[in-house]
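Data block below; observations after.
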Amino acid sequence: MVVSQPITPGQVSFLLGVIPLMIAWLYSEFLEYRRSSFHAKVHSDKNLVELEMVTNKEDEGTVLMEGGLPRSASSKFYSSPIKTNLIRFLTLEDSFLLENRATLRAMAEFGAILLYFYICDRTSLIGQSQKNYSRDLFLFLFCLLIIVSAMTSLKKHTDKSPITGKSILYLNRHQTEEWKGWMQVLFLMYHYFAAVEFYNAIRVFIAGYVWMTGFGNFSYYYIRKDFSLARFTQMMWRLNFFVAFCCIILNNDYMLYYICPMHTLFTLMVYGALGIYSQYNEIASVMALKIASCFLVVILMWEIPGVFEIFWSPLAFLLGYTDPAKPDLPRLHEWHFRSGLDRYIWIIGMIYAYFHPTVERWMEKLEECDAKRRMSIKTSIIGISSFAGYLWYEYIYKLDKVTYNKYHPYTSWIPITVYICLRNCTQQLRRFSLTLFAWLGKITLETYISQFHIWLRSSVPNGQPKLLLSIIPEYPMLNFMLTTAIYVLVSVRLFELTNTLKSVFIPTKDDKRLLHNVIAMAAISFCLYIIGLILLLIPH
């Protein structure tokens, strides 16, 4: 096995952390097996990622509580000081390992997956092959997936709107997850097959994701009014926990996975817009002022030459990126380009979320109209939307990619709005969704990041994934089938593990404990990095 790049301190520090975790987990499994054998009692694990609450009382017996997806860590883990937990871990105390066996299992599995990433993308153990595009095959595979999804996962929903109390279901969760799912499939196939002719469509899909960032976060904060530190930390964990480890293990810049910093930025901007003077959010004029302020910030940042570079240059260490194939570009070029393409659409998402209750009430009244009037209004909406979509397609979408990118920030709302209108024009369309796509829509972040290393291949730090991972050489379709199956399975596990570990390390109602956890994780990471750096310097 040949390693393609020198080992970094970050990679050594990761191994220093993950190897003891794996040993501790294996030992905890042995302890559980020995205890179960001793008591002649078998405990079944319903889910490998569940968090177990174990209280080991020698005089009173043993109680093991398991079930479903994990929601909280063991009570002893939360109640014990971090220093005590760390000492108990390092000394391999039996009771501690048994109490936190499922947590150790989740951490060990997460580490093993990251090692698999490294093996696939940074060693010669698994081969690589060239991309090959066929429009016929590309469209065939996507249409086949739609047919299979429609035949096996079409589901009718009867959820009621929290606003109107009726089954209007305008832009409901099932629908937006489905939307993310089919866009993600095309986005991934675009990368796998190098389907460059769909470049402009992919730009619209990414705008759709950013639109949902504005729409979803605005809806949550406006309705729930939860601006707590725990909620904020949970968001940042969801967006950046996995990608941070990928940057360490693969020695990549954060901006290689540009979707993550983009969504982080626009999530922060929505959080700031609604969190500042949040007690006045119910006042329409205040909300109008906030949205106008968002537009003003974007105009100042992206439309006035030089401002972007001045503002972001102090963060070039985090947001800078150098493509090995284009080393002469400025470090902030990629961040400027990517964030600038979708600089307005998140605000459009906020506006649509703000008027969502109003539109639902309009739709409720429309459904109560007589059939003739209802049909004429819906026909008009479909006609106007289709005509607007046609004009956009003819005069914007058909432009070459360079010219299209200039218009994209100002026009991406058009196809998104057209899709929303057509997808929600009838009650029947709103009630049904393809749950296969909705399921895929829930793991878009994991599939986006994982594709770089276990589906595609770049082989070098910060390299774009120009190659395909090849487990079965000379059989491209069989290889596609196998690598895709592994890739999706790993993405699902990463989604579950990220949520599992989030529930362990981010308490929802204890900010003091949360702060202690953050400080402890930072201190442990720093110590491991220093040790890794020293170990690499010793040979020299």
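Each Cβ is built from the backbone N, Cα and C atoms, and glycine gets one as well.
Keep in mind that what you see is a predicted model, and the values were worked out from it rather than measured.
The N-linked glycosylation site feature in Swiss-Prot is assigned to Asn132. Marked as transmembrane segment by Swiss-Prot on the basis of sequence analysis: 7-27, 106-126, 182-202, 203-223, 235-252, 256-276, 291-311, 340-359, 377-397, 407-426, 436-456, 518-538 (among others).
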- In the same chain, which residue numbers or ranges, 6 or more beyond the ends of the transmembrane segment (203-223), come under 8 angstroms Cβ to Cβ? 162, 171, 176, 179-180, 183-184, 186-187, 259, 262-263, 266-267, 270-271, 274-275, 278, 281, 341-342, 345-350, 352-354, 356, 404-405, 408, 412-413, 415-416, 419, 444
- Item | Neighbour tally for the residue listed as 'N-linked glycosylation site', based on other Cβ positions within 10 Å of its Cβ | 11
- Message: At a threshold of under 8 Å on Cβ distances, which of 256-276, 377-397, 407-426, 436-456, 518-538 pairs most often with the transmembrane segment (106-126)?
- Response: 436-456
- Message: Check for me, if you would, whether the transmembrane segment (407-426) reaches the transmembrane segment (340-359) - at least 3 Cβ pairs under 8 Å, residues 6 or more apart in sequence.
- Response: yes
- Taking the transmembrane segment (340-359) as reference, which of 256-276, 436-456, 518-538 has the most Cβ pairs under 8 angstroms? 256-276
- Item | Positions on the same chain near the transmembrane segment (256-276), where near means CB under 8 A and six or more residues out | 206, 209-210, 213-214, 217-218, 221-222, 227, 232, 235-236, 239-240, 243, 246-247, 290-291, 293-294, 297, 319, 321, 334-335, 338-339, 342, 346, 350, 445, 448-449, 452, 462
- The answer for the transmembrane segment (518-538), taking Cβ pairs under 8 Å and residues 6+ beyond its ends, is 7-17, 82, 86, 233, 505
